[in-house]
Amino acid sequence: MPAELSPIDTAKFAAARRAVDLVQDGMKLGLGTGSTAAWMVRCLAERVREEGLRVQGVPTSTRTAELARALGIQVVTLDEAKWLDLTIDGADEFDADFNLIKGGGAALLQEKIVATASDRMVVIADAAKEVAHLGAFPLPVEVIPFGWQSTKMLIEETLEGMDVLGREVTLRLSGDAPLLTDEKNYILDLHLKRIGEPRKLGLALNQIAGVVENGLFIDICDTVVVGHGDGRVSLRDLQSGQAEEGFIDMDRARNIFADLGD
């Protein structure tokens, strides 16, 4: 077991641990993708193992599916589950209205499909992910490989009429080749610095031929759980306006840390 977690990993663990407390027996769950979501999967597996919690998980990526299966969580497809009680996922950024940028892990398409097929979406994040305005993190846009350069030009043209501070568009690479999503598509990263009207931008991007989906999640997230490096955690619900503060006992994490290889 590692001697001590870094403050950022402590924050991610704290958020994940608190969010998993929302899971009830018999639920069908959307399992997010990314480093914070991986903590959530481990925390969920601990409850399955120690409490006999019965859940079905719908992963949002191949790597999440592999982790969930390895830890003993029952994995099903969204077609098998049909509808979900709860999705727990991370975010690259979120604002005061719980609008999100997601897709840093290149799983934005499945993440958005799963989140919108859920009664509730809970986002888990460290405090650094909260921003006044979206856009400092590059906005991912998933595009069809065929004619991607033409699609890129249309995106750049669309950005000319948008309230953004930057307009650079780059193809995401894996080594020297384009990164491929689980659906074998490409990712274009939009370096916008600040997005003034995220709803308008999201709608405009999805009207472009060749665009599959974009990483703006608008009116999808219901609850945000924010972790801090000292183990503090806050839960905020958009609909009720309520906020809860708490503290995660890091000593309880020993059996989770034990299965970490790095």
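Including glycine, each Cβ sits where the backbone N, Cα and C put it.
Site annotation (Swiss-Prot): substrate is bound by THR33, GLY34, SER35, THR36, ASP89, GLY90, ALA91, ASP92, LYS102, GLY103, GLY104, GLY105, and the candidate from LYS82, LYS129 recorded at this site is LYS129. Taking the mean position of the Cβ atoms of THR33, GLY34, SER35, THR36, ASP89, GLY90, ALA91, ASP92, LYS102, GLY103, GLY104, GLY105, LYS129 as the substrate site, the remaining residues of that chain whose Cβ falls within 8 Å of it are GLY32, ALA37, GLU111. Secondary structure at GLY104 (substrate binding site), taken from DSSP and collapsed to helix, strand or coil, is coil. A sphere of 10 angstroms centred on the C-beta of ASP89 (substrate binding site) encloses 32 other C-beta atoms. Taking each Cβ in turn and tallying the other Cβ atoms within 10 Å, the top scorer among the binding-site residues THR33, SER35 is THR33. Straight-line distance linking the Cα atoms of SER35 (substrate binding site) and GLU111 (active site, proton acceptor), rounded to a whole number, equals 14 Å.
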